[in-house]
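Enquirer: Provided herewith is a single structure, encoded as structure tokens, for subsequent inquiry.
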Number of protein chains: 2
Amino acid sequence: MSETDRLLENNEAYAKEFDKSGLPSPPAKGVAVVACMDARMDVHSMLGLKEGDAHVIRNAGGVVSEDALRSLVISQRLLGTEEVILVHHTDCGMLTFKDEALKDAIEADTGERPDFPFHAFSDLEGSVRTSIERIKENPFIPRKDSVRGFVYEVETGRLREVV
Amino acid sequence: MSETDRLLENNEAYAKEFDKSGLPSPPAKGVAVVACMDARMDVHSMLGLKEGDAHVIRNAGGVVSEDALRSLVISQRLLGTEEVILVHHTDCGMLTFKDEALKDAIEADTGERPDFPFHAFSDLEGSVRTSIERIKENPFIPRKDSVRGFVYEVETGRLREVV
């Protein structure tokens, strides 16, 4: 039995107790969270979010990539969110490698070199600031009064504000 | 008080009860989930995931964008995941607009036309299949034995397998 099959069994149990039908599509709290994909972060638990409350955008690093910007534009313009919470975290995998070294390894393994950036970073707080700047500079995101960046401490469960 | 400030208060409460320090970075269940950012999906609750279990990658639509592929490459190659669960959902916002119409509206509002795709789609199951194909065709993702695509029903809380 695969892990996927086990998780589908969990979903059966979730569906049996499900009482969240009829929630509207626009997030009730008007918030979009951008966070790293890291397994140690349960964004809903860490922020006390419930189904229906907030958009959650996640990728490797929690960096504000082009795709995160695409998602934020849709979140604000079509679904009415007004606040952004950006979350990177301590002990992030993105701090442990360099783009060029990963590309070298992949090329050695597959015979083909990735032509896209992996967005590894060496300065955690600096990366939060860079990502926040990318949101603030983007001409297509209309609401920027509350765009705040944090480091989540995997050691304590606490969000520490950076910018 | 902003919603962000209220969520930070929730995080204080979470941190006070926090007993998850010391979890390793590689996901315990070896799973990466790719899902839509939709507010009605709490990926951890719907799959019975706990902190430490799985990578969670989310964006508008849950489409396998270039950035989702970047995240999956890092997830598998650097952090050892072996299974992918892709989740789109009923009543998705991506079904309600067309890329060109959104670009028209943004250009009218800002004077500048977005030069990137928004990845709107009109066929929900078709979009799941397209995204699964993008993973299977990608030369940099090594493990493809368990790459499965689902529609989450916001009406029932249930995951329905598509491919």
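Glycine is treated like the rest: Cβ placed from N, Cα and C.
Unlike curated entries, TrEMBL annotations are predicted automatically.
As annotated in TrEMBL:
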{"type": "BINDING", "residues": "B:C36, B:D38, B:H89, B:C92", "note": "Zn(2+) binding site"}
Enquirer: Which residues, sitting 6 or more apart from B:C36 (Zn(2+) binding site) on the same chain, put a CB under 8 Å from its CB?
Expert: B:R58, B:N59, B:A60, B:G61, B:G62, B:V87, B:H88, B:H89, B:C92, B:M94
Enquirer: As a test of the contact definition, list every same-chain residue at least 6 positions from B:D38 (Zn(2+) binding site) whose Cβ is closer than 8 Å to its Cβ.
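Expert: Listed in sequence order, they are B:H89, B:C92, B:G93, B:V154.
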Enquirer: Excluding B:C36, B:D38, B:H89, B:C92, which residues of the same chain place their Cβ within 8 Å of the centroid of the Cβ atoms of the recorded Zn(2+) site?
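Expert: Output for this site, in sequence order: B:A35, B:M37, B:R40, B:M41, B:G61, B:G62, B:V87, B:H88, B:T90, B:D91, B:G93, B:M94, B:Y152, B:V154.
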Enquirer: B:C92 (Zn(2+) binding site) has how many other Cβ neighbours within 10 Å of its own Cβ?
Expert: 22
Enquirer: With every protein chain in view, what's the tally of Cβ atoms within 10 Å of the Cβ of B:H89 (Zn(2+) binding site), excluding that atom itself?
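Expert: There are 24 such Cβ atoms around B:H89 (Zn(2+) binding site).
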